[in-house]
Each structure stands twice: as structure tokens, then as C-alpha cells.
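This report concerns only the one structure given below.
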Amino acid sequence: MTNVTKFNRKQIIQEQASLWISRMDRGLSLEEKNEFSVWINQSEYHKDTLYQLAKLWDDLTVLNELSDLFPLESKTKSTQNKFIPIAIAASFIAIMFTSSAYFLDGSLFPILSNTQKTAQIKQYQTKIGEQISFSMPDGTNVRLNTNSTIKVAYTAKHRQISLLKGEARFDVAKDKTRPFTVSTDKKSFTALGTIFNVQNTKNNELELLVTEGKVLISDTDSILKTTTLNDIVASFTNLSHDNLPGTVVNSGEKSVVKNNMQLITDKISLDQIQRELAWQQGMLIFDGEPLNKALLEVARYSNTQFEINDTNLSHLKISGYFKAGDIEGLLESLNENFNIIYQKSPNNIIRLTKV
């Protein structure tokens, strides 16, 4: 990639190790297993880096792939964090930054009928820099990223999640009789046999990335006016989606919504997907992003804010890999690789300048 400054070799190996862990999570092909064998045997640092990442990854698929390479330390898992390989049918990730007013006016679960709103509602949340995992009664496994809040309402007919803020991964247990929907104030996302990622950026853009199956994007209001949610789920199995109240995005596609209007849908690469999911390993990976955009992502995992007064520095494209929340490691890498110095202020603001 031209005009992109790379981090040092160790960080490149760390990025590669993270991608291999992600690939193992969805299963390696025979060709990939051969490629992995070549990669892992390049040096002891390759092996050690992968080992350290593997210890952070709580997934039977990954552990089985690595069992012949080196024995991983056993980890005590609580009941709520158990991996349920048979029950898990779908997975997706959603990121939202939304106004709390919508969730306080009685519209928290818009898809549920008045009689169903008697369902027990539970709230889960994380602090800045914290991640938690838990399982719901149907076997759906949830992982919340930093500074996130969701509310869950299960009834006999629906599984409804309201994402108040932040980011969450849902490994959705298959149940065609009870559709699984994540809603915000404007949009709803209905999943069936699906892995997808949704991000609502601070400039009011909504990004949907589908890695498996298909996802319906619909206006939260229209999903009630045009059809029942069970009809929507049934329509997912048909070749034509003409009667659905929204847009179906298929596997390998990324859709961008701005100001409540869909702008573009593009095919994306597997490596791009894996970079966006690196947070599940507690890592952040950048590949040609402007420095100011990368620092906005970094700031999500700490109370630190960054200031860049140089426009050229702000637009500097960087590629690299580091642990989420490791501000000192980030500053060291910026200084070592890009000759960027910093000044800390008492109010948790770090000012960056070029030497």
C-alpha cells in the first residue's frame, strides 16, 4: 500500500497472529493449514506471539486447532461463559451510539406487542475498557465490548435486544419460532443463520458488514406496519425479498447508511472482516487508516482523548497492531515508527506533534 507507514516487524507478526486466530475461529481450509504451518515455523517469536493470543481466546475451535502445536494452559470457565457449539446457529456484532431518550419513552422494545411487554427485561453493561461475556437462556452467547449497554426482553414469540450504546457480539441460538432482532431508535436488524457487524459512527453513518448468511435492515417503525416478524423470518428462505420492509444484505457485503438512507453496498475481503473483529481478542488492527480516525477508535478503550493540531499528521495513514487500552504502548510505537512526540495534560488529553 502506497503512502502508508508500517509498524515494526514484531508488530507485523502480532497482526498476522491475530488474523490466524480469527481464521481458526471460523475453521481453516486444507490450504490455509499448510500456509499456517509455514508461517508458525518461521521463528520462535511467531510461536510465542500466537501462544499469548491463544490464551486470551475462549473458543473450542481455536483450541482444537492449536492442541497439536503446544498445550494451552487450562482455563476455568464460569457457567455463563461456556461455549455452546451445538446450540449456536448465528453470530453478529453491533455497534451503536444512540440517544437515551428513545429508550426511556416506552419504545424500548418496539417489536413486542403490549401483551408481550410484560416479559422480564434484563440490562447488561460494561465500563470503559471492560469486556464481558455471558449466555442467555436460549443458548445465545453475548460478548459486550467497552462502554456498552444492552437491554434484553425474551418472550414466547420474540427475542428482542435494544442496544443503548457501544458494541456487542451475539452468537444467536437457532430458533425459527422466535426471531432475533436488535433495535435502535431508527433501524432494526433481523438475523437468521447470520454473522454480521453494525457500526454507528459519530458522523451519523451506520455500517453493516455481513460475513455469513443475510441480514434485513429495516426502519424500526416500518417493521410493525408492513408485516409480522415471523413473516420476515419466513421470507428469508425465499429467493425473492421484494415484499420485505427493508433491504437484505448478503454474505460478504458491507452496506453504509447515512441520514437514514442507504448509500452503497460493496463486497469486502476476509482480512478486512478479521481486522474489524480483532477487539474480541482485546486487540486493535489498523491498515491504512488516517491517524485521527485510528485514535478515535483507541480512545473508546480508555478515558484518554487525543489532540492533533497538524493537518498533515492527522491524515497520516498508518498500519499496525496493538493491545486495546495500551496507551503507553501506542505512544511508544508512534514515537519509534513515525517520529511523533506527545505531551500529557492533567485532564487526560494527549497532544501529538511531529518531530
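Cβ coordinates come from backbone N, Cα and C, glycine included.
Here's what TrEMBL has on this protein:
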- 123-215: domain 'FecR protein' (DOMAIN)
- 284-350: domain 'Protein FecR C-terminal' (DOMAIN)
- 83-104: transmembrane segment (TRANSMEM)
Whole-number mean pLDDT, the domain 'FecR protein' (123-215), equals 80
The domain 'FecR protein' (123-215) resolves under DSSP into 0 helix, 61 strand, 32 coil
Residues in the domain 'Protein FecR C-terminal' (284-350) per DSSP class, helix first, strand next, coil last, are 25 helix, 25 strand, 17 coil
